[in-house]
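For reference, the structure is listed below as structure tokens.
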Amino acid sequence: MAQSNGKKYLGVTEPISTAGPTEADFARTRDLEKVLTEAGLYESPEEAVQREEVLGRLDQLVKEWVKNICLRKGYSEQVTQEANAKIFTFGSYRLGVHGPGTDIDTLCVGPRHVSREEDFFGVFHGMLEAMSEVTELHPVPDAHVPVMRFKFSGISIDLLYAPLAVWTIPEDLDISQESILRNLDEPSVRSLNGCRVTDQILRLVPNIEHFRTTLRCMKLWARKRGVYSNVTGFLGGVNWALLVARICQLYPNALPSMLVSRFFRVYTQWRWPNPVMLCEIEEGSLGLSVWDPRKNPRDRTHQMPIITPAYPCMNSSYNVSSSTLRVMVEEFSRANGICEVIEMNKAEWSALFEPYAFFDAYKNYLQIDVFAADNDDLRRWKGWVESRLRQLTLKIEKHTYGMLQCHPHPCDFVDESKEGKHCAFFMGLQKRQGLPSQEGQQFDIRLTVEEFRQSVTGYQLWKEGMDIAVSHVRRRQIPAYVFPGGTKPARPPKVT
């Protein structure tokens, strides 16, 4: 906690305003909470109980698994008896902003002699596979943060594993201590970071309930406006949480209605790539690399740095490109204008959450069709292609010298009528605004697209039937299945 003139405050600078709420703020906050409830953002008490039960069952499972590993490896009875593992949650569930059907981000912490590759992705995977309650089991051992994805009694779980450099895991383990990272490999540090960052966010906001309501609002807005997706170059859950937490620090006594309004005002004026930080970046004592554009040339290329508050501090939004940043800044500006009108009582909150008309916004699009032989193959193949789409955006920006901008749609679309398994991604294309207009100017990106296709088909788990096609489509050629109900809306007549 920083100090100024003897007064304490959270964050790297003093608050912009410490003013308390007005009667109008209370009324607007009630209206906002009503909108969030009507949007179905809160889970039922029954689902909350079921999640608790699933987490309890998972905790029992990992404890059994660790003891089994000790027996297999011939450890003494005492080591086997003391062997323990523990489940931690992070992300939206730990922050208290999850909704019905959202997955639970979980971390299993185990002892040094229980390995990730052989024991977690081997033996534990086998245990889960044998259970009738477990479905859609999908291990991703070679991800940036290795993860096991599955459904447990219908609840979606993302499970990470970090073996610590200790022989026993105490039940009261505190993973916020920096020493916990000593002698760990990079995947383990990254796995632990999810929990450490989430807990640190909760420590660094002045009012947790106001933070939660504001974050729920921002996540709903980002989904409606098509800017919620870390993988395609927009922002994911942790990024939005950090941005909201910073606004809470700058307006510590404000209610959610005011925080939402100030969110857009502050970030419309923000001068990127100045970083958003909740606390000063600490060098730490373990020599781990932290975000520092003065020392690391790669950090200088980051467009929209949003820095995590737990050691080692990293940029959580390195996926953002100049094209996706442009889209987000435009959206912040639009929302800022709407919030100003709401504060004058001349508009309702519903105006803020109008869905973005993506297929009306551009004249030209790229359509990326993804095919596979069955549902399981499609899930894996689609996930791989989606993770590479950001590379296509970057390649197009680079090969056209920033003159052609891409706007990736964060979701995929399914054509139910197609034989076989298929889905499609879309990207809006437009010439950079402000460029002098040249008659008939065209961009030839065929080589860029082919380069992308080649890189994607180098997938290690490729199977027969997995294919990808990239085509240029004009607005009028957009397939009907992307629209609600499978019917294209009639375009309004042009006013002359």
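Every residue number used here counts from 1 along the chain in the order it is shown.
For all residues, glycine too, the Cβ spot is worked out from N, Cα and C.
Automatic, uncurated: that is what TrEMBL annotation is.
For ILE104 (ATP binding site), the same-chain residues lying six or more positions away in sequence with a CB closer than 8 A to its CB are ARG51, VAL54, LEU55, THR89, GLY91, TYR93, HIS98, ILE155, SER156, ILE157, ASP158. Per TrEMBL, ATP binding site is recorded for PHE90, GLY91, SER92, ASP103, ILE104, ASP105, ASP158, LYS219, TYR228, GLY237, VAL238.
The Mg(2+) 2 binding site annotation in TrEMBL covers ASP103, ASP105, ASP158.
For ASP105 (Mg(2+) 2 binding site), the Cβ neighbour count at a 10 Å cut-off comes to 25, with all displayed protein chains included. Per TrEMBL, Mg(2+) 1 binding site is recorded for ASP103, ASP105.
Residues or ranges marked as domain 'Poly(A) polymerase nucleotidyltransferase' by TrEMBL: 11-205.
Among the features that TrEMBL reports, domain 'Poly(A) polymerase central' is placed at 210-354.
For 358-414 (among others), the entry in TrEMBL reads domain 'Poly(A) polymerase RNA-binding'.
Residues or ranges marked as domain 'Poly(A) polymerase RNA-binding' in TrEMBL: 420-489 (among others). The average pLDDT computed over the domain 'Poly(A) polymerase RNA-binding' (420-489) stands at 85.
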Counting only residues 6+ away in sequence within the same chain, which have a CB under 8 Å from the CB of TYR228 (ATP binding site)?
LYS219, ALA222, PHE234, LEU235, GLY236, TRP240, PRO410
Between VAL238 (ATP binding site) and ASP105 (Mg(2+) 2 binding site), find the distance joining the two CA atoms and give it rounded to the nearest Å.
12
Distance check, please: Cα of PHE90 (ATP binding site) against Cα of ASP103 (Mg(2+) 2 binding site), rounded to an integer number of angstrom.
11
Number of Cβ atoms other than its own within 10 Å, given for PHE90 (ATP binding site)
26
Roughly how many Å separate the Cα of ASP103 (Mg(2+) 2 binding site) from that of SER92 (ATP binding site), to the nearest whole number?
9
Between SER92 (ATP binding site) and ASP105 (Mg(2+) 2 binding site), what C-alpha distance do you get in Å?
8
